[in-house]
Amino acid sequence: MVTGIVFHEEYLKHEQSPTHPERRERLAYTMDQLREEGIFESERIVLLEPFKASLEDVLEVHTEEYVRFLEMESKKGGIIDFDTNIPVGVFDRALLAAGGAIRAAQAVLNKECENAFAMIRPPGHHAKPYIGAGFCYLNNMAIMVKWLLKQGFERIAILDWDAHHGDGTQEIFYNDDRVLFISTHQMPLYPGTGYPEECGTGKGEGYTVNIPLPPGTGDEGYMMVIDEIIEPVVNEFKPQFIAISAGQDNHFTDPITSLALTARGYAEMMRRAVAMAEKHCDGRLVAVLEGGYSVEGALPYTNLGIIAAMAGFDLSAIREPENYLPELLWRKRDSALVKLKHNIEDVKRVHSKYWKCFK
Ligand SMILES: [Zn+2]
């Protein structure tokens, strides 16, 4: 199994401010860790050079008015919302991030690799057609999925496991039955959407599956969600391509969320996703980096876990950041599992109308 990794030094140059959580060290530390572990020397890893997404591909998702606004503001600096400003030069970097996601998908289609991880910045899943939001400018995932649809794919499953609800991606595919959007996210948390009742509209009714997670949800909770919701729906949908919005802010050290997933848990989730891709789509799977703000305690470890699972390495070597282990004890809550079981029942009740597996 060969796994592609999309990366470019330009991704380290994007910065809203030195103290902003979405900062360059997120990827810089990960790259250091991957080099230290000798990942790039493995014959199962291939480094992929990204290109800038074309305006044509971006306009499949975003309005021309917003794209022009972003391009103009990016020349002098501007602001979108309280936590998303427009640094000078972000337009080109956002195009390179979106192009990085497309590059990953292209590499899988060209059989340069079996699956690929786009380690890109800035992230994208909160960006809506008409405006960016929540550290996001262009919706990298949606731009890649629209590109895949243009290549002739008819059933694509997006699994968005970022700790925040992927409201932008949901909105873009809300009435589309070709794209199954499944999101797990902490609730309550920004952006405040992602209830089970939000399940799509028109032709897309039933093709949006939202699974809210109580604060304190750990590895067991995530595995329960995969067993009871994600895998049954994916098996019934039979995707031709699996795309993962790989947010890494579920880790127990993340400073802006309250979930309790471990690096080992991330690796296990990816192993399950890879198995689903092998079962349904000849292994075709792309992961696109979204959030994740524990730059030292999580990202180097979780990214390594994800890559190891994608490339089929031995996962027993995946470690947790030792200095932070006490945090796991107070962050993980057994009561979260009780609440999560109720949430899972809610999701099944809403979706029993659409999916045989829940009848
Ligand atoms: Zn997030």
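Glycine residues also receive a Cβ, built from the backbone N, Cα and C atoms like all the rest.
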Zn(2+) binding in Swiss-Prot involves ASP162, HIS164; of ASP81, ASP83, ASP92, ASP249, the partner in that site is ASP249
Taking only the CA atoms, the spacing between ASP162 (Zn(2+) binding site) and HIS126 (active site, proton donor/acceptor), expressed in whole angstrom, is 11
ASP162 (Zn(2+) binding site), Cβ-centred 10 Å count of other Cβ atoms over all protein chains shown, is 26
Apart from the site residues ASP162, HIS164, ASP249, the 8 Å Cβ neighbourhood of the Zn(2+) centroid comprises HIS125, ALA163, HIS185, GLN186, GLY247, GLN248, ASN250, THR257, GLU290, GLY291, GLY292
